[in-house]
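Straight from TrEMBL, the features:
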- 6-28: transmembrane segment (TRANSMEM)
- 183-202: transmembrane segment (TRANSMEM)
- 208-233: transmembrane segment (TRANSMEM)
- 254-274: transmembrane segment (TRANSMEM)
- 280-300: transmembrane segment (TRANSMEM)
- 307-328: transmembrane segment (TRANSMEM)
- 348-381: transmembrane segment (TRANSMEM)
- 503-524: transmembrane segment (TRANSMEM)
- 530-552: transmembrane segment (TRANSMEM)
Amino acid sequence: VLLNCVFFFLQGFICGFSIATGAAARLLSGYDSYGNICGQKNVKVEGIVNSGLDLTHKKYVFFLDPCNIDLVHQKIKSIALCVSACPRKELKTLADIQKFAETNGSTLCSYELQPSEYTTDPRAAKLCPKYPVPESAPIPLFHRCAPVNISCYAKFAEALITFVSDSSVLHRLISGVMTSKEIIMGLCLLSLVLSMILMVIIRYISRVLVWILTILVILGSLGGTGVLWWLYAKQRISAGALDTQIAKDNLQALLIYAIAATVFTVILFLIVLIMRKRVALTIALFHVAGKVFIHLPLLVFQPFWTFFVLILFWAYWITVLLFLGTTGSPVPNEEGFVEFRMAGPLKYMWWYHVVGLVWISEFILACQQMTVAGAVVTYYFTREKRNLPFTPILASVNRLVCYHLGTVAKGSFIITLVKIPRMILMYIHTQLKGKENACARCMLKACICCLWCLEKCLTYLNQNAYTATAINSTNFCTSAKDAFVILVENALRVAAINTVGDFMLFLGKVLIVCSTGLAGIMLLNYQRDYTIWVLPLIIVCLFAFLVAHCFLSIYEMVVDVLFLCFAIDTKYNDGSPGREFYMDKVLMEFVENSRKSMKEAGRGGGAEGRELKPM
């Protein structure tokens, strides 16, 4: 907790430092190429002409060539001036620029030129804006004059959207989005409703769905294997007539494919045979998870709160990042204009800021996991569901804030320690793309892959550690050790839940995306005004997948918490007086069925069979 508090304090220091050094004023009010902040009196910068001006009445930043965008450095390569008003209509000649200055009192040429000199001074070609000057409007809050016509930024947009090679295509795509914004919002709402409905009905269809999927996979593997052997037999019969090298190669390839398919089918049969009873546990856990959402309806809204907090933090982070981009001391560049740069160790503050983005984002997500775990643990270990607290979610949040912030901070810090090196390696791989040799590229990708796998394993272990903390109120390391032991003892059941369960939830996501996309196609197809509605449909499908992922990930989280509770319950209780189970009736039926099958195995297996236990 202390380390986390120190980290948060330093994050606040970065924000305060950037504001104190004038970065906030430069970001919000804007500044010209000579270091003057628009809308206020300025201090003279040594060696820079036109600096230290009183620009109290000139509140907007205007670029002489706003469409000259440097894609490499991601900035506008143009002289910036402070003006009193943005040109609200297109200015085609220097005479129009002069008339605009005389009429509105807003001089669009450099400070050393007077409006009367715009059409006579030869320096006007360099010191006045490139014409025609596009119609522009001030950006709210940031006081920059931005061209109204988006075609000005077509080059930049095409660099970002590689599939667009014609600016007219870009215009039609954007116009399609703007025209169909009501349909897009309606379809996004539809995906939200479908996600909620699926979370309710999945408890009723889980048993049928699991076995249908299992049968389909088995039939598919059998069918594929049979077809391969049939093709091999047919090819072998006709190989005598076509005694060529190509026919022999095809025959050998078919034999290899058929053998591989047969091995895969046999392995699949064995896995289904071994894990068939554990699939029953997955079905039971999904059924109980549906009951959890009925008793704890606020769990459905948990993704909203997490997403809202993340959006607030990301907005703060981007704001501070923009502050850091405009902080520092004024320094003349090679062109004679002013740039603001930080010197010494302070110029590396943005690295610390990036680490803060990763750690605090992981911290917020870990708080969600801890909250869900606490609420589900309260539900599971309350024998009489009528005696549940009025708001288990708020009670879980209260316990998190009072007792478990250190646990969450440590877990999120461990994930950060793995994620940061992976991000650095990915950045290096991107920068060296096409320059490194094959061996270095392979090693770099292998390191990235290993770190990704380690991150996923630690994330899963952390989630179970939070559940163990919610059950036993132990520290993070003790909880992680206990959770790891439980998971190892139930490795096959964990595998069944994480394969069958995750595949079911993935199919649920696909169902929601397909349903929303189909509705989108039907609605957009009747709108003849759109030239291209591919982009609106892509936006809708991406949003539908995001919504489905957020909701069903909560469902997956509840199932994982229930499994750990079930494993601990069956480890320390056996249903005898004084050691009664806490589990739901559905899980109790699973345990009873397991005991019956074990007794039958015990009769056939002698003494060894009598030693079998439920877990």
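Numbers run from 1 along the shown chain.
Positions of Cβ are set from backbone N, Cα and C atoms, glycine also.
Whatever TrEMBL says is automated annotation, not expert-curated.
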Quick tally over 183-202, 208-233, 307-328, 348-381 of CB pairs under 8 Å to the transmembrane segment (6-28) gives the top stretch as 307-328
Can you say which of 208-233, 280-300, 307-328, 348-381 has the most Cβ pairs under 8 Å with the transmembrane segment (183-202)?
280-300
Which residues, given as numbers and ranges, are at least 6 beyond the ends of the transmembrane segment (254-274) yet have a Cβ under 8 Å from it?
214, 217-218, 221-222, 224-225, 228-229, 231-232, 235, 492
Could you name the stretch, out of 280-300, 307-328, 348-381, 503-524, with the greatest number of CB pairs under 8 A to the transmembrane segment (208-233)?
503-524
